[in-house]
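What TrEMBL lists as domain 'LRRNT' is 127-157. Taken from TrEMBL, the feature region 'Disordered' applies to 90-113. Positions annotated as signal peptide by TrEMBL: 1-22.
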Amino acid sequence: GCRMRTLAWLGITSLCLGAAWAVPAKEERGKAEKPKADLALYENLDLDNYDLTLDSYGEILDLSNYEELYDYGDLGPKIEVGTLAPRPKDPAALPKLGTTAQTPKLPPPTTASPVHLAPVPAQALPSCRLCLCIGTSVYCDDANLEHIPPLPPETTYLYARFNRIGTIRASDFTGLKKLKRIDLTSNFISWADVDAFRLLPSLQELILPENRLTALPELPRSIVRLDARLNRIPSTGLQPEAFRELKELQFLHLSDNQLDFIPAPLPQSLRSLHLQNNNIQTMHEDTFCDSQDHSQIRRALEDIRLDGNPINLSLFPNAYFCLPRLPTGRF
C-alpha cells in the first residue's frame with residue numbers, strides 16, 4: 001500500500017513539473033511566430049502604387065466659379081521663427097558653468113544738453129511706417145487712410161483696401177515704374193485724375209470695386225485686368241473707345257454700374273466681360289464680331305455676362321456668330 005501511494009505521488013509530481021516547463025516554451029514559440037504573422041499581413045500591400053502628389057486634386061476642386069482669385073505670389077520667402085537661440089559659432093563664447101554674467105555698466109551722464117529729435121508730420125511718413133511692407137509689397141488694408149501714402153520707389157504690389165480714400169491724384173504714383181497691382185477695394189473714391197494710372201508702365205491689375213467712381217481714368221496699355229464693379233459709372237464716364245488700344249486686356253469687369261451700352265470696340269485679347277446689372281438696352285452688330293467678315297472666329301472671348309440688363313439678347317442674333325459661346329442673359 002505504501003509503495004502504491006509513493007508511485008502515485010511521483011506521477012502527480014512529474015505531471016506538474018512537465019506543465020510548468022511547457023508554459024514558457026509555448027510563450028517563446030508564440031513570440032517567435034508572431035513577427036512572421038505580422039510580416040505576412042504586409043506582403044499583400046503594394047506601396048509602389050501610392051501617389052503622394054497633389055496633382056489629383058485638380059480633378060476634385062473646380063476653381064472656375066470663383067469670382068475672385070487672389071494671388072499671393074508677391075509675398076517674400078517664408079521666415080520660420082524658432083523658440084531657441086542659435087548656437088554661437090565660437091565655442092569660447094559659451095558661458096562657463098558656475099559663473100555669473102556681469103551687468104554691463106552704463107556710461108556716466110554727460111553735462112551736455114540732450115538732443116531732441118524734431119517730430120515728423122504723419123503725412124510725410126513713408127508707407128512702411130504707416131502700413132506693412134514685405135519685400136516689394138505694401139499692405140495698408142483697414143488703416144483708416146484718407147489718401148494714398150508715399151510709397152517706396154521699388155513698390156510692386158499695393159493693397160489699400162477698406163479705407164477712407166476719396167480721391168486719387170496723379171502724383172500718388174509718380175515714379176513707380178515697377179508697380180504691377182493696385183487694389184483699392186472698398187474705399188470712398190469718387191474722383192481719379194485722368195493721368196493717375198496712365199503713366200505706370202508696368203501696371204497689370206487695377207482693382208477698384210465698391211467705390212463711388214462716376215468716371216474711369218485713362219489706362220496704361222500694359223493693363224491685363226480691370227475690376228471696377230459696384231461703382232456709379234455711366235457710359236458718359238468712359239473715354240471714347242476707351243479699350244481699343246489695350247492689347248493686353250483680358251478681364252474687364254464693370255458690373256453693377258450705370259452703363260447704357262456695351263463699351264465697344266473691345267480688344268481681341270479680351271477673355272472675360274462682366275456687364276451684368278447695368279442699364280444696357282441695345283447692341284450693335286459689330287459689338288463682338290466683324291459683320292463684314294463672316295469667317296471670323298473669336299476664340300478668346302468665352303465669358304460674357306449681360307444678365308440683369310433690360311436688353312433682350314434674342315433680338316441680335318447676328319452679333320454672336322464669331323463667339324465660341326453665347327452671352328449669359330435674357331433671350
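Positions of Cβ are set from backbone N, Cα and C atoms, glycine also.
Per-residue pLDDT, averaged across the domain 'LRRNT' (127-157), gives 93. Non-local neighbours of the domain 'LRRNT' (127-157) in the same chain are 74-76, 163-169, 172-173, 175-176, 178-181, 183; each lies 6+ residues outside the stretch with a CB under 8 Å from one of its CB atoms. With DSSP classes pooled into helix, strand and coil, the tally for the domain 'LRRNT' (127-157) is 4 helix, 7 strand, 20 coil.
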